[in-house]
Amino acid sequence: MDLSLLWVLLPLVTMAWGQYGDYGYPYQQYHDYSDDGWVNLNRQGFSYQCPQGQVIVAVRSIFSKKEGSDRQWNYACMPTPQSLGEPTECWWEEINRAGMEWYQTCSNNGLVAGFQSRYFESVLDREWQFYCCRYSKRCPYSCWLTTEYPGHYGEEMDMISYNYDYYIRGATTTFSAVERDRQWKFIMCRMTEYDCEFANV
């Protein structure tokens with residue numbers, strides 16, 4: 001093959017390959033703050049936000065009993081479609097306390113675009129906050145809960161939203177006082193392509 005042709009084709013192949021992640025998604029790969037690819041070390045707090053105009057589409061986590069029964073976390077983001085437009089406002093939701101089960105959706109019809117968490121040694125658990133963004137006056141519909149992630153306490157967690165039409169709006173979690181771990185069910189919703197009158201759904 002002519003060397004000049006190779007130099008012309010190489011950037012095209014690299015660009016086509018690079019736009020898809022491990023799961024065939026054109027989303028930003030899992031964020032890498034450390035050598036091991038996690039946004040936090042065990043027993044440490046963290047704050048993660050998607051870039052402007054992107055939302056969370058994947059959540060990955062591993063559990064360590066010996067490191068305070070804590071988890072390390074990683075996230076992936078994806079740009080929202082043009083039909084949603086740009087986010088009109090973003091905010092941090094109320095804190096979900098450590099050691100308790102909880103259920104929360106983004107208020108004001110928001111979508112999850114980040115997570116913030118702090119670890120408490122006394123409870124061997126974390127408190128959580130969602131970072132939410134609202135897109136004009138779009139409303140959620142056809143919402144459903146995912147299965148539990150992880151499938152059993154202490155297991156690795158790998159949740160990926162394979163459907164472009166559904167967005168994470170929140171989660172419900174259970175907490176095991178014995179295992180000191182959580183199982184998550186994510187609240188997935190579609191969003192209208194037009195403005196609606198409901199202040200919060």
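The backbone N, Cα and C atoms fix where each Cβ goes, and this holds for glycine too.
The model shown is predicted, which means the values in this text are computed figures rather than measured ones.
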**OP:** With Cys196 as one half of a disulfide in Swiss-Prot, pick the other half from Cys132, Cys133, Cys139.
**Re:** Cys139
Subject >> Nearest recorded site to Tyr162 (sulfotyrosine) by CA-CA distance, among disulfide-bonded residues Cys50, Cys106, Cys143, Cys189 >> reply: Cys189
Original post:
Which of the recorded positions Cys77, Tyr164, Cys196 has its Cα closest in space to the Cα of Cys143 (disulfide bond)?
Top reply: Tyr164
Original post:
In whole Å, how far is Cys139 (disulfide bond) from Cys132 (disulfide bond) when you measure between their Cα atoms?
Top reply: 14
